[in-house]
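S.K.: One structure is given below, represented as structure tokens, and several questions about it will come after.
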Amino acid sequence: MVKICCIGAGYVGGPTMAVIALKCPTVEVAVVDISVSRINAWNSDQLPIYEPGLDDVVNQCRGKNLFFSTDVEKHVREADIVFVSVNTPTKTQGLGAGKAADLTYWESAARMIADVSKSDKIVVEKSTVPVKTAEAIEKILTHNSKGINFQILSNPEFLAEGTAIQDLFNPDRVLIGGRETPEGTKAIQALKDVYAHWVPVDRIICTNLWSAELSKLAANAFLAQRISSVNAMSALCEATGADVAQVSHAVGKDTRIGPKFLNASVGFGGSCFQKDILNLVYICECNGLPEVANYWKQVIKVNDYQKSRFVNRVVSSMFNTVSGKKIAVLGFAFKKDTGDTRETPAIDVCKGLLGDKARLSIYDPQVSEDQIQRDLSMKKFDWDHPIHLQPMSPTTVKQVSVVWDAYEATKDAHGICILTEWDEFKTLDYKRIYNQMQKPAFVFDGRNVVDAEKLREIGFIVYSIGKPLDPWLKDMPAVA
């Protein structure tokens, strides 16, 4: 029986291993993590992450051929294939600060694998890592190998949160990169055999190590670039009276471009896009390619511009001050159908409004008060360290209250900011909301989810990203 162990029980490790266990009943899968609370959650009815369909998969396999454990060394020692899915945060100090990936957790995982192994192993990079990480890991393993053979593979994940289980069941492609040697080819085949239980063989792409590592960064950079492209157009649409939804639709009809990832919004978020582009920028700089680095930097700059533009629009519309005013924030996760708040644009928007002394009332159906307070008081990049290494009890931000109902959030508010496209925000009773708000009542729709015309008929002053401006907003230009 093939034994697989995955180090790291997070957004990638947990769902990926659960699906492997479901699709490969003859493979024994163990997910290990040093965080006791996280493993306890995986073994309970309340899983540590929210992902549609995940509960079902875990319930079918847990205790049969899927195990969650804190006994890291035991499971690594017994495994044939070890997936490493640990945090690779952006460095905050030292060489490459603010751009380079911090491989501290990766290196300690590699050293531990070398220490406890008594048999040959295939070690698989699952976390998003910078190009050439495999080479560094390979050196650590071979220099500490005690005669054991390790083969390194890169098998980047291409999951989208909110659809991760579907993405795993039916992936566009599975990418496996390895050494172009007889041993490397054999290792690639062993991993390919696992995925071939349910993935058509023509969708399993085998490459060299560097191509696999770079493909992941490139894919995320291309996706983020599309979002920044349409967001850049949204600013121009507002200035000229064009409608970004109509422009996107017309552009997306070109089959060479396609319609996906062309929705204008308050900005992209998530654990990967910004981190991976910063990483790409750093690699370009290290390889003497400043022009290429600057090209990709611009994608992040436009994203930051979009968030600050949104905040400026809110403040300038409300007589150039939000000081002491209650503003309702609907949605805090970086997109719908996930509770994940990593790099969510809501953090920068809320911080911008708090900087102008607003009082915020925040509602998100999947994000806890503790998480929101933690996000608003943490320093940049802190979120990407394991939970036990994050600041313990964050200082609560006084002007922020977190509520569990959109109507409670909007009561007595001067304005509403919609920052996540949860479906329920489309069907709220906006007449009821309007009646219990301060007047004039504003809606700033950062996701283009509401019907602006209907809301204007109720009496709201509405700002939708990239749409022709309300006459009120034309008289109150957003000062950059």
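Placement of Cβ uses the backbone N, Cα and C atoms for every residue, glycine included.
Summarising the annotation, TrEMBL assigns active site, nucleophile to Cys272. The NAD(+) binding site annotation in TrEMBL covers 8-13, Asp33, Arg38, 86-90, 127-128, Glu161, 272-275, Arg342. Among the features that TrEMBL reports, domain 'UDP-glucose/GDP-mannose dehydrogenase C-terminal' is placed at 328-452.
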S.K.: Let me spell it out: for each of the binding-site residues (Asn87, Thr90, Gln274), count the other Cβ atoms within 10 Å of that residue's Cβ, using every protein chain shown. Which one has the most?
M.R.: Gln274
S.K.: DSSP helix, strand and coil counts for the domain 'UDP-glucose/GDP-mannose dehydrogenase C-terminal' (328-452)?
M.R.: 42 helix, 19 strand, 64 coil
S.K.: Counting every protein chain present, what is the number of Cβ atoms, excluding its own, within 10 Å of the Cβ of Tyr11 (NAD(+) binding site)?
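M.R.: So the number of other Cβ atoms within 10 Å of Tyr11 (NAD(+) binding site) is 21.
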S.K.: Write down the Cα-Cα distance for the residue listed as 'active site, nucleophile' and Gly8 (NAD(+) binding site), rounded and given in Å.
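M.R.: With distance taken Cα to Cα, the residue listed as 'active site, nucleophile' is 17 Å from Gly8 (NAD(+) binding site).
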S.K.: Hey, how far is Glu161 (NAD(+) binding site) from the residue listed as 'active site, nucleophile', Cα to Cα, in Å?
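M.R.: Between the alpha carbons of Glu161 (NAD(+) binding site) and the residue listed as 'active site, nucleophile' there are 11 Å.
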S.K.: Using all protein chains in view, find how many other C-beta atoms are within 10 Å of the C-beta of the residue listed as 'active site, nucleophile'.
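M.R.: I count 25 other Cβ atoms within 10 Å of it.
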S.K.: Just to verify a number: CA distance, Cys272 (active site, nucleophile) to Thr90 (NAD(+) binding site), in angstrom, no decimals.
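M.R.: Taking the Cα atoms only, Cys272 (active site, nucleophile) lies 11 Å from Thr90 (NAD(+) binding site).
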S.K.: Please compute the mean pLDDT of the model over the domain 'UDP-glucose/GDP-mannose dehydrogenase C-terminal' (328-452).
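M.R.: Value for the domain 'UDP-glucose/GDP-mannose dehydrogenase C-terminal' (328-452), mean pLDDT as a whole number: 90.
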S.K.: Report the same-chain neighbours of Asp33 (NAD(+) binding site): residues 6+ apart in sequence with Cβ closer than 8 Å to its Cβ, ordered by sequence.
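M.R.: In sequence order, Ile7, Gly8, Ala9, Gly10, Gly13, Ile39, Phe68, Thr70, Val72 meet the Cβ cut-off.
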